[in-house]
Every structure is written in structure tokens, then in C-alpha cells.
């Protein structure tokens, strides 16, 4: 087999470029990518169903001046976050042309020559940039993916070798898209406050208003033996809220519901929104962050962009006061967000292990 092109990671390790690997004629899948020996639930062949699907929430209905319409949609949102932890958001008001442009620009980025993409590679001690995060050792199993991760807000924390160096018009398109995602996340947080009937005025939105926003572009190449690999290891998101846009209609995202995996069929131009660990902590377990994973296709690539919306670094994170009562005692510890973030970044992706660490 030809020698694969290597990508240098921020921790000094190097891994093969799976996008370049996928272009080769592979007699067998390299052992570092195979999922043999995984727990039965994490095996690719574990029970997967297409019979159920995540709820669909209509933002126009949520914001409707008609009280009955708004209340019905708000109840649907509450149920979706409580029972599923995921929903698809439609009629969200984000311009269709902007969505088309961001899809085209991201595809263009991943199609750049490798020497162009590695200009944005991870630097020593950093997870941001082009590569693959959460790799801790030479013998760790690898996901069948390549990503470009970047902290986008607040502006003063942007890395000078990443966002400012992106080529035009990609940089301008991405800037516009991320701005829209920030505004959209604020609206969703406001609706979640309303659905929880919080006593605290802006008890949730104040924490996230000037908080961190991280972007992650995902590329999942085709794999000749998709049943042997994972595009993304099963995990729950650390964030408060995640908003994901699929760039094509290739399925691959699956969420865990009890002992089954449910495939999400992305609706055209809908956003897939999910509750993160921080939001589960803040709601004292009312809203649930849910394990999810990505599987890959034998012939088609899959691309997506996710934005993760978090609190300010100096914020104290813990269950919201009015959601802690003698009947519903605090389920999670409190902590400074920056310290909690460092703890999370020191871990590899592993189900809901971070939330287990935060439990009382």
C-alpha cells in the first residue's frame, strides 16, 4: 500500500490523512480505524432503526404572535429537549443564499491540496486548526474523518494564524454564517428559558450572551468497509447548545435512544440542534445531552459544519437555582467554566464520561 500523507497534531503526534487514504485502493482498512473490540452498543452493527425520527421544531411558530400557536410549539420544544436532546429546526430565517454559499466554500476548503490545508494545522498544545482533536496516544483508535476546528467568539481569542488567514470569499462567508448562528442560538436560548418557566430573569441567556462560540467543519470520506469504522466516536457534546448544518444529504448522524441508534434524516436546509452537557447541568437534568455518533458511506462523502455555543470563561456553571428544590436536589457540581473546559479538553471522546465526572 502507498504511504499515506501524515497530518501533524497539536500534541506532537502525527496521523494519516484519511481523505488521502480514501483515494487509495485499500486491500484492507488500517487497524487503527477499525472498531473491533468495541462494546456491543458501539459496534457499527448495533441495533439501528429508521422507524423513529427526532422532533421538528418550527421557529416561526415559536415566535408566533398567536398565543395558542406559540404555546403548542413551545411545548414541543420542551418535550424535544427533555425526551430526545435533539431536534431539527425549520423556518429559522437564515438566508438560503448564505447557506448555499457556506456549503460551497466548505467543500472547496476540503478539496484544497493537502499542503494548503496544513497551513491551518494544529499548533503545539492546541486543538484548533486542521486535523483531528481528542487524540492522546499513538495506539488510540482513529475516526474516519478530518476536521477544521476554530474558536470564533469572542473576537480577541481568535488565533491570528487561522481565521484572519482564511482566503476570500471563504472568510467573509464564514463570518456572516457564524454571526447568524450566534443570533439564532440566542433566540433558541430565550425559547428554552421560556419553556422552563425560569424564575430568574435571563437566567440562561445572560451566561451565553457574550460566551464562547466554536466552529467545527467535518469531512467524512467514503470508506470501502464502512461497517468497520466510525466517522465520529459516540459522545455527548460538551457545549451549551450545538447547531449543525449538513452540507449534503448523505445520512450518517445517529443518536442513542436507550439501547438503539436512531438515524437522523436531515431535512433540506434545516438545522440539527442538540442539547450539550453544560445545558444538562444548568437545567439540573431536565434537558438531556444525548450520545451521538457518525457512521460513513461506502461511496459518498459527507460534510457538515457545527457551531458550539458556550458561556463566558469566567462564568460559574451549575444547576440554575430555581430548578433545585428539596424534591429535585442538585445533580451536578458547580465550577468555573474555564476550569470545566480544561477538564473536558483533557479527555478523549467517551460517551457521557464528562457528565459522570460532574455528578454529585
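Placement of Cβ uses the backbone N, Cα and C atoms for every residue, glycine included.
It should be emphasised that the depicted structure is a prediction, and the values quoted were computed from it without experimental measurement.
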Exercise. For the 2-oxoglutarate site that Swiss-Prot assigns to 302, 304, which of 177, 219, 220, 357 is also named?
Worked result: 220
Problem set entry | Entry from the binding-site residues list 235, 302 having the most other CB atoms no farther than 10 A | 302
Exercise. Roughly how many Å separate the Cα of residue 235 (Fe cation binding site) from that of residue 220 (2-oxoglutarate binding site), to the nearest whole number?
Worked result: 17
Problem set entry | Rounded Cα separation (Å) that holds between residue 302 (2-oxoglutarate binding site) and residue 292 (Fe cation binding site) | 16
For this session: Taking the Cβ of residue 304 (2-oxoglutarate binding site) as the reference point, list residues of the same chain whose Cβ is under 8 angstroms away and which are at least six residues distant in sequence.
Result: 217, 218, 244, 245, 246, 247, 253
Exercise. With a radius of 8 angstroms around the mean position of the C-beta atoms of 220, 302, 304, what other residues of the same chain does the 2-oxoglutarate site pick up?
Worked result: 145, 218, 219, 231, 246, 247, 248, 250, 252, 294, 296, 301, 303
